[in-house]
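Have a look at the structure below, then the notes.
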Amino acid sequence: MKIGAHISSAGSIDLSFDRAKEMGAECMQIFISPPQMWVKPEISPQKIERFRKKAEESGIGPNFIHGVYLANLATSSPESLEKSIDWLRFSLKTADILGLKGTIIHVGSHKGSGFAGCLKQVAQAIKEILDSSNSSFSYLILENCAGSGGTIGCNFNELGQILKQVRSDLIGVQDDRLKVCLDTQHAFASGYDLRTEEGVWKTLQEFDQEIGLENLIAIHANDSKTELGSKKDRHENIGQGLIKEAGFRFLIKALQTNPKVSDVVLLLEVPGLEGKGPDKPNLDLLKSYLK
């Protein structure tokens, strides 16, 4: 089991490997563009070559892109939906070029109109994204959310329905390039109790029933500033939040004993001890639970 973090790609995308190596990260997640903008940056051949060379030399990986926060596959705005699909197509293409595992995305928000009313649109949008990159090897990865503002995926049933709909004959695509990322803070804020061994096992059991653990590719390992069921997206350093160290020990133990998730990676998205993002102390603490 590899443990890594979200790493800054500021300055030049290949510098993310230098920062990951310094931290001791074994895998990483990066932004390829400002997360609050519809930017599709052109990466020069020289930067691509440096990135792929450092990936090979460092052994750091698998590595992921985190999608822009603006993407919303459940939006009622045709313009916003088109931009979301277009950017995610670009992201999967970029993942292929850079040799990355895939793009992790927030599905979006129905803004109160209800999940059932937007399910078919979300599935159709995902189909378009995957169909347009049918020669790709990279994954489109749906992340669970904390549950505020009509966001989709605060419970495993919603994500499971999306996967089933995309893979059904109704939508017309059979594609195993659609996977899921489990964010521990978002799950806790949605009411999944990860503080106890029993709670962890129940959470993974429900995930398996609704989504299938074989579809879990990554875990965002984050403690929570807010209480169980708060529906608030507030990450905290490992052991300093309400999930506490015990919760992460139980989670890693459960993952290590289940062959379905032997290749799942853990990625930190915590504020860091100095408020500058994921850091070595958080990473080392999480690694210590592997022993």
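Glycine is no exception: its Cβ is also placed from the backbone N, Cα and C atoms.
Going through H106, H235 against TrEMBL, the one listed in the Zn(2+) 1 site together with H66, E143 turns out to be H106.
For the Zn(2+) 2 site that TrEMBL gives as E143, H220, E269, the extra residue drawn from D176, D183, D193 is D183. Per-site Cβ counts within 10 Å over the binding-site residues H66, H186, H235 peak at H186.
Between the CA atoms of H186 (Zn(2+) 3 binding site) and H220 (Zn(2+) 2 binding site) there is a gap of 9 Å. For H235 (Zn(2+) 3 binding site), the binding-site residues whose C-alpha atoms fall inside a 10 Å radius of its own C-alpha are E269, out of H66, H106, E143, E269.
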